[in-house]
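A short worksheet on the structure shown next.
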Amino acid sequence: MSYQTEIIKTNNDDQAVEKAAKLLKKGELVAIPTETVYGLAADALNPEAVQKIFKAKGRPQDNPLIVHIGAQKDLEKLISEIVSKRAQKLIDNYWPGPLTLIFKKSSLVPAETSAGLDTVAVRMPSHPLTLALLQKSGLVLAAPSANTSGYPSPTTAEHVYADLKNKIPLILDGGNCEVGVESTVIDLSQKEAVVLRPGGISREELAEFLGEELRLNNSLDNDQAGVISPGMKYRHYAPQKNLYIFETAKKDLLFKRAEEKKIALIISRQTELGQQEEKLKIIRAYDRENPAELARKLFALLRELDNDPEVEEIYIEELAQEGLGETLMNRIYKAAAAKDEAQPGGGDNS
């Protein structure tokens, strides 16, 4: 089915929220703003509506969806366990916000939403427009990123329109996303809490808050029958042009490559390249001490450079894997072409 996709720019307009709520209750899809990235929302308890998400995005059916709720009481009907003290501590401190928790699911959650697993991923977004929609509709919403599966996540309504025009009826434009990368996902369905996807809240912060070590398990090449979190199994976030990870020590190789290809390079404002900078399109996108600045810009930059006819290859400086740097490198590794010693400016992929 083809739609005349409408974009409604609004902060918290009652009519826009009402229109979106009516569409969702009829089993339609609506793109919604969140603090992380734009989501493609459907009634999470309506299997037919959820199937439309997979079709619109071209998303693999075995990739589970995160369920978004508007109040803590909504969690009770989605899970089959008592919320632990540890989970409640996280909820009280980080909801609404960019934190997703995985629990054992209740029978209300359809297999289409959970990818046939016995767990469900849940979060409460903080964007006021989406919170108003959740509360107005009375629904819980399955909402992966509102983009073509595998492409850079959308952080503006325009990004959503570029990928999903004529595939969905409505996009709620709530402005640029404040965080710019997806939520952190923690599995609480087992005794040991495990971070399955680093995100808008760093693993270090969460570990310090809980007073326990948090292991990271975010394998891209996970051969388990069921992958319980989005972002664990498939290539994500990738521009159509090749993206490579740049190591400053190998800048001479990059300058040589620039004699053959039109190259864009995303680096910090503190990175020094020397005399040959004019060979490259350089984007000094962030301060090294403030990776959150890059988080807000990363996906938009990848989309912009992907559409730039003066760019053939994209390079991005490697970040220290600490704090939000771990989150950013998770996204960059999954978006990048394979790192190869033979690739100018690249390193190994061990």
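Heads up, residue numbers simply count up from 1 along the chain you see.
Yeah, the Cβs are placed from backbone N, Cα and C, and that goes for glycine too.
Keep in mind it's a predicted model, so treat the numbers as computed, not measured.
The L-threonine site recorded in TrEMBL comprises Thr36, His68, Ala143, Ser183 together with one of Arg123, Arg215, Arg257, namely Arg123. TrEMBL lists Arg59, Asn63, Thr119, Ser145, Arg197, Tyr237 as binding ATP, and of Ser126, Ser153 the one it places in that same site is Ser153.
Over the domain 'YrdC-like' (14-201), the average per-residue pLDDT in this prediction is 97. Other than Thr36, His68, Arg123, Ala143, Ser183, the residues of this chain whose Cβ falls within 8 Å of the Cβ centroid of the L-threonine site are, in sequence order, Thr34, Gly39, Ile66, Pro98, Thr100, Pro125, Glu182. In this structure, of the binding-site residues Thr36, Thr119, Ser145, the smallest number of CB atoms within 10 A of the CB marks Thr119. Ranking the binding-site residues Thr36, Ala143, Ser183 by the distance of their Cα atoms from the Cα of Asn63 (ATP binding site) places Ala143 first. Of all the binding-site residues given, namely Arg59, Arg123, Arg197, the one with the smallest number of surrounding CB atoms inside 10 A is Arg59.
Considering only the binding-site residues Thr36, His68, Arg123, Ala143, no residue lies within 10 A of Arg197 (ATP binding site) on a C-alpha to C-alpha basis.
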